Amino acid sequence: MTTPSPTPPLAAAEVAAAAGLQQRDLLAVLDRVGLEPAVAFLVHDLTARCDTPDNPDAARIGLAVEHSGHRTERVLAVRKGEPVRVDEETAGPPPVRLTFDLADLVRGVYGPPPGPGAGLFRVERDDAWFVKNADDAEPFRIFESYMRAVDVLVRAATSRPGDLGRLAARHASDKWGLWHWFTPLYEHHFARLRHQPVRVLELGIGGYQNPDEGGGSLKMWRSYFPQGRIFGVDYFPKHGLDEDRIHTLQGSQDDAGFLRRVAEEHGPFDIVIDDGSHVAGHQQTAFRTLFPAVRNGGFYVIEDLWTAYCPGYGGAATARAEGRTSIGLLKSLLDDLHYEEWTAPEPAAPGFAAPSLVGVHVYRNLAVLEKGRNSEGTIPFFAPREIDYV
């Protein structure tokens, strides 16, 4: 027996069809239908399209929706092997809340997939709750369960296929869900390489001193690139994670000699990802040493740009990141990208990366650098260098 939608059929159909309208027309439809009826219909359809959850610990996630100064919320119960449903039994606020604008949620559920960098919701997380409810033996288990639960809801709420996000959740990689939201961006840049025999090097494996712990991202990349070879570097030995297409290496990302040996033995690489110590000086050393080891057409990625604002990582407690940090490096790379356009009478020498840097893509806490031949030549000399009519 089919459970009827809690919204009148005509209104429900109108909301679904409105996803393809211009913004002002969509808002007019939502004003006419009303927040509560629209959300009732959306939640009905959203929970019905959710994949079967596989999070080991039961999760309660708030879904808040706002429209025209009004707000409503449902708490969704996400339990392993069960359909996602509205939780009307458990008291207390959920430890994770996703807040959508009503129009964005309508487009997410019924429209085409959004762009990779589209921020469609706000995330609120009660970190104290996770600390209080953590298992001493497995302190991150419940957090990882929530990462998987969030992945199920976000994919249903944004029409994203989310293959890499699903792999991140399966392997407990922090690149998607609660920690970061990187996987749509990675898919955007890496999709053309997916079925090639790529060589991927990631700095930072995770799991701290335990030789058998961590490696979630390495396993995610192994699954995403079926012909790829995945190399991981960590300060601690991680040989317990080695398998057919995953090879771990022990060393410091601040040791240029070690990194050169890695590049000589295992490079050149299609992709290098710096998810290591996040210390400013270490990031600079890794970039200087490993960017040359990326082939033309490949990518160099720096994660966790937030540490540029943290003194404990070599950053500064300021609103403007300094030159020695990852953000400072990216600012200088924008100048280097345009080195052929410099007009100073005696310009300084461009950075070493300038002739082979063809793209700088910066997102929240993530930078993707494209390697290639940056020698297009300057704008023609007869193009005006000044404007005399303003």
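Cβ atoms here come from the backbone N, Cα and C positions, even for glycine.
Annotated features in Swiss-Prot:
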type     : residues                                                                                       : note
BINDING  : Glu202, Leu203, Gly204, Ile205, Gly206, Gly207, Tyr208, Ser217, Asp234, Ser252, Gln253, Asp275 : S-adenosyl-L-methionine binding site
BINDING  : Asp275, Glu303, Asp304                                                                         : Mg(2+) binding site
ACT_SITE : His278                                                                                         : active site, proton acceptor
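All features noted in Swiss-Prot, drawn onto the structure.
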residue: Glu202; record: S-adenosyl-L-methionine binding site; Cβ within 10 Å: 25
residue: Gly204; record: S-adenosyl-L-methionine binding site; Cβ within 10 Å: 19
residue: Gly206; record: S-adenosyl-L-methionine binding site; Cβ within 10 Å: 22
residue: Tyr208; record: S-adenosyl-L-methionine binding site; Cβ within 10 Å: 10
residue: Asp234; record: S-adenosyl-L-methionine binding site; Cβ within 10 Å: 26
residue: Gln253; record: S-adenosyl-L-methionine binding site; Cβ within 10 Å: 27
residue: Asp275; record: Mg(2+) binding site; Cβ within 10 Å: 23
residue: His278; record: active site, proton acceptor; Cβ within 10 Å: 24
residue: Glu303; record: Mg(2+) binding site; Cβ within 10 Å: 25
residue: Asp304; record: Mg(2+) binding site; Cβ within 10 Å: 21
Completion exercise
For Gly206 (S-adenosyl-L-methionine binding site), the spatially nearest of the recorded positions Asp275, His278, Glu303, Asp304, using Cα atoms, is Asp275
Completion exercise
argmin Cα dist to the residue listed as 'active site, proton acceptor' over the binding-site residues Gly204, Tyr208, Asp234, Gln253, Asp304 returns Asp304
Practice task
In whole Å, note down how far the CA of Asp234 (S-adenosyl-L-methionine binding site) lies from the CA of Glu303 (Mg(2+) binding site).
Solution key: 15
Exercise for the section: In whole Å, note down how far the CA of Asp304 (Mg(2+) binding site) lies from the CA of Gln253 (S-adenosyl-L-methionine binding site). Expected result: 15
Problem - Spatial separation of Asp275 (Mg(2+) binding site) from Tyr208 (S-adenosyl-L-methionine binding site) - C-alpha basis, Å - result: 13
Practice task
Give me the Cα-Cα distance between Asp234 (S-adenosyl-L-methionine binding site) and Asp275 (Mg(2+) binding site), rounded to a whole Å.
Solution key: 10
Completion exercise
The correct three-state DSSP answer for the residue listed as 'active site, proton acceptor' is coil
Problem - Extra residues within 8 Å (Cβ to Cβ centroid of Asp275, Glu303, Asp304), Mg(2+) - result: His180, Gly204, Ile273, Asp274, Gly276, His278, Ile302, Asn365, Leu366
Practice task
Rounding to the nearest whole angstrom, report the longest C-alpha distance spanning Glu202, Leu203, Gly204, Ile205, Gly206, Gly207, Tyr208, Ser217, Asp234, Ser252, Gln253, Asp275, listed for S-adenosyl-L-methionine.
Solution key: 19
Exercise for the section: According to DSSP, folded down to helix, strand and coil, what is Asp304 (Mg(2+) binding site)? Expected result: coil
Handout entry: Three-state secondary structure, which DSSP defines for Gly204 (S-adenosyl-L-methionine binding site)
Key = coil
Handout entry: Inter-residue Cα distance where the pair is Glu202 (S-adenosyl-L-methionine binding site) and Asp275 (Mg(2+) binding site), in Å
Key = 7
Handout entry: For Asp234 (S-adenosyl-L-methionine binding site): DSSP state (helix, strand, coil)
Key = strand
